[in-house]
Amino acid sequence: MYIEVTGYGPALVLIHGWAMHSGVFAPLVEQLRPHHTLYLVDLPGHGYNHTTPTPLALPQVVHAIAAATPPAVWLGWSLGGLFALHAAATLPQVRGLIMLAATPCFVRREDWPHAVEVSIFTQFAQDLKQNYTETINRFLALDTLGSTHAQSELRQLRKILNARHTPNTATLQAGLELLAHTDLRRAVIDLTPPSLWIAGQRDRLVPAASIQAATALAPSGQTELLTITGGGHAPFLSHANQMTAALQHFIATLP
């Protein structure tokens, strides 16, 4: 599996969200690469890995990334957070975990009220079969909904998406299945490496309350929470400076 490597310094793995590719992290990459060696992952079926045979499944993807990277901090945005969290729960080489607009359980359950209804993802899966482009555009709009810079972020996401190979319907449906049915709350409770959880105050897809609930599950004393005021689901597009400062501070405190 191809992983782009850039920069110098302590290793940081970055994993993107649904339908996107690692190019979405450009605002962070620009500021982080003078200080960190960045491992920019395109998930299977996405971007430069659009033809990789690796299935879009947590164990297989995490194993493939781990085989190609040194001990590192792992950052996952949205869907990417599930892969980063699974890695942190299963691999000793994960020095720290950064969950960016990500949660161990993306859908509402009886004992997990601060999340979206599963119908959000099942409806997107159905709509993909009818109109691929319109469905992708609606999801990107949901990514930016609520942000104080929504229109600018939406234009950025559309431009970034089309800069590399776009995933096919089967790949996107596999990602939606992960979002709809994965529950890694037990992994958070048993988490060993320190973790930083970043929420967008105005995120409509992963409400800040769900990330706050996740941090309450994590071991005390090694868990940090940052809420980006005015941020939506992609706060690194609108608040890159604040994000970069938070990431560097967290990584600098790791043993």
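Any Cβ shown, glycine's included, is placed from N, Cα and C.
As annotated by Swiss-Prot, active site, nucleophile applies to S78. A 10 Å cutoff on Cβ-Cβ distances gives S78 (active site, nucleophile) a total of 27 other Cβ atoms nearby, all chains included.
DSSP assigns D203 (active site) to coil, not to a helix or a strand. There are 27 other Cβ atoms within 10 Å of the Cβ belonging to D203 (active site). According to Swiss-Prot, the feature active site maps to D203 (among others).
According to Swiss-Prot, the feature active site maps to H233 (among others), an assignment based on sequence analysis. Sequence-distant contacts of H233 (active site), defined as residues of its own chain at least six apart whose C-beta falls under 8 angstroms from its C-beta, comprise S78, A101, L142, D143, T144, L145, G146, S147, G200, D203, R204, L205, V206.
Following the DSSP three-state reduction, the secondary structure of L142 (substrate binding site) is helix. According to Swiss-Prot, the substrate binding site annotation covers W18, S78, L79, F139, L140, A141, L142, D143, H233.
Other Cβ atoms within 10 Å of the Cβ of W18 (substrate binding site) number 24 in total over all chains. In this structure, L142 is the one among the binding-site residues L79, L140, L142 with the smallest number of other Cβ atoms inside 10 Å of its Cβ.
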